[in-house]
Amino acid sequence: MSLRLAVTAGEPAGIGPDLCVQIAQAKLSTDLVVITDPAVLADRADSLGLPLTLHTFGDAGAQSGNGHLTVFPVPVNAAVSPGVLNKENGAFVIETLRIAAEGCVDGRWDGIVTAPVHKGVINESGVLFSGHTEYFRDYCGVEEVVMMLATEDLRVALVTTHLPLKDVADACTGDRIQRVSRILNNDLQQFFGVPAPHILVAGLNPHAGEDGHLGREEIDTIIPALNALREEGLNLTGPLPADTLFTPKYLDNADAALAMYHDQGLPVLKFHGFGRAANITLGLPIVRTSVDHGTALDLAGTGKADSGSLHTAIQVATQMATNRRKEITQ
Ligand SMILES: NC(=O)C1=CN([C@@H]2O[C@H](COP(=O)(O)OP(=O)(O)OC[C@H]3O[C@@H](n4cnc5c(N)ncnc54)[C@H](O)[C@@H]3O)[C@@H](O)[C@H]2O)C=CC1
Ligand SMILES: NCC(=O)COP(=O)(O)O
C-alpha cells in the first residue's frame with residue numbers, strides 16, 4: 001500500500017497555501033492530503049496563476065500532483081487576505097493540527113507535514129501555543145520530544161526549543177540533556193539508518209564555560225550528564241564550544257550536533273541550507289516533519305515563496321514513515 005501523508009497548510013494568510021498549490025504542480029510519489037479550507041487554496045491558486053483541481057478526501061478519483069490536490073476540508077472562521085493576520089482564524093489553525101494528529105493515530109495517513117503557523121496570532125486568539133513540536137508532544141502524551149533540523153549533510157538537534165533566552169540555563173537540566181540525547185540517538189538509528197550515531201554536544205556558555213570562569217553549567221550539569229550517557233554506550237563528543245563545533249574538523253566525523261538552545265543551533269543550519277532543510281520532531285509515536293521557515297507574510301500570494309523546504313519535509317516524512325512501516329511489519 002502506498003504511503004499517504006497529511007499536509008497542514010498552516011496560517012491561511014501566510015505562504016503555507018501558496019506552497020501547497022506549488023507542490024501540487026509536481027508529479028508526486030507520495031499520496032498527499034492537505035488539511036485546510038479548499039476555498040483558501042483555490043483563491044491562492046488564482047493569485048499565483050497556477051492550475052489547481054481540488055478533490056475531497058475519500059472521494060473516488062481523489063489525487064494529488066500534476067495540478068490536482070486532495071483536501072480534507074476544514075472551514076476558516078474569517079475571510080482570508082494574503083499577508084494579513086486575523087486572530088479569528090487561530091482556532092481554525094489548531095483544528096487542522098488536531099485533525100492531522102488524529103488521522104495519524106487512527107491510520108488514515110502515515111505521517112504529518114506541517115506548513116508554517118504564526119505562533120503570535122494563535123496566542124492572540126486565546127490559545128496558548130509554543131509551536132507544533134510542543135503541540136504534538138502534548139497531543140501524543142509523551143514527556144519529551146526533540147526538535148531536529150536537517151539538510152542532506154547537517155543535522156542539528158536542540159535540547160530546548162521555544163522559550164525565552166533567560167530561561168534556557170535552568171531548562172538545560174541533566175535529566176533533559178539525557179532524555180533528549182537518548183531520543184536523538186535512538187531516532188537516528190530507527191529512522192535515518194545510522195547504526196551507531198556520533199553526536200557532538202555544544203556547551204551552553206562561551207568557550208564551553210572556560211573551565212568554570214565563564215559559567216559553571218558545563219562542570220555542574222552537562223559533563224556529568226554526558227558521562228552518564230557514555231556509560232550507557234552513547235558516542236558523544238563534548239561539551240564543545242559552540243562557536244567551533246560547527247566546523248569541518250568536528251562535523252566531518254559526526255552524525256548530528258546537539259545544541260543547547262534554538263538560536264545556538266538553528267542560525268548555523270539555516271545559513272548552511274535555508275530552503276533545503278526539514279524540521280523533524282523526534283520522539284513522537286507519529287511521524288511529523290515541517291518546513292525550515294515561517295509564515296513569510298511578506299511573500300503570501302506573490303509567487304515568490306520557495307517550496308524547496310516543503311519538498312524536503314515531504315521526502316523526509318516519506319523516509320521516516322517507510323522505516324516505521326518496515327519496523328511494524330517485521
Ligand atoms: N514551522 C513553523 O510553523 C514555523 C513558524 N514560524 C513562525 O513564522 C512567523 C514569522 O517568522 P519569521 O521569524 O518572520 O520567519 P520567516 O521564516 O517567516 O521569514 C524570515 C525571512 O525569510 C523569508 N522566507 C521565509 N520562508 C521563505 C520561503 N519559503 N521562500 C522565500 N523566502 C522565505 C521571509 O520572506 C523573511 O524575509 C512567526 O510567527 C514564527 O513563529 C517560524 C518558523 C517555523
Ligand atoms: N524555529 C522552528 C520553529 O519555530 C518551528 O517550530 P514548530 O512549530 O515546528 O515547533
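Glycine is treated like the rest: Cβ placed from N, Cα and C.
Please treat TrEMBL annotations as automatic predictions, because they have not gone through curation.
Because the structure is a prediction, the values reported are computed rather than measured.
The substrate binding site annotation in TrEMBL covers HIS132, THR133, LYS270, ASN279, ARG288. Sequence annotations record features per position, and here TrEMBL assigns divalent metal cation binding site to HIS162, HIS207, HIS262.
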Three-class DSSP secondary structure - HIS207 (divalent metal cation binding site): helix
Protein Cβ atoms within 10 Å of HIS162 (divalent metal cation binding site), excluding its own: 13
C-beta crowding around THR133 (substrate binding site), within 10 angstroms: 24
Of HIS132, THR133, HIS207, LYS270, ASN279, ARG288, binding-site residues neighbouring ligand 2, Cβ under 6 A: HIS132, THR133, ASN279
HIS262 (divalent metal cation binding site) to LYS270 (substrate binding site) - Cα separation in whole Å: 12
Rounded Cα-Cα span from HIS162 (divalent metal cation binding site) to ARG288 (substrate binding site), Å: 17
Integer Cα-Cα distance in angstrom, HIS162 (divalent metal cation binding site) to HIS132 (substrate binding site): 10
Secondary structure of THR133 (substrate binding site) (DSSP, helix/strand/coil): helix
Intrachain C-beta neighbours of HIS132 (substrate binding site), sequence separation six or more, cut-off 8 angstroms: LEU97, THR114, VAL117, THR281, ARG288, SER290
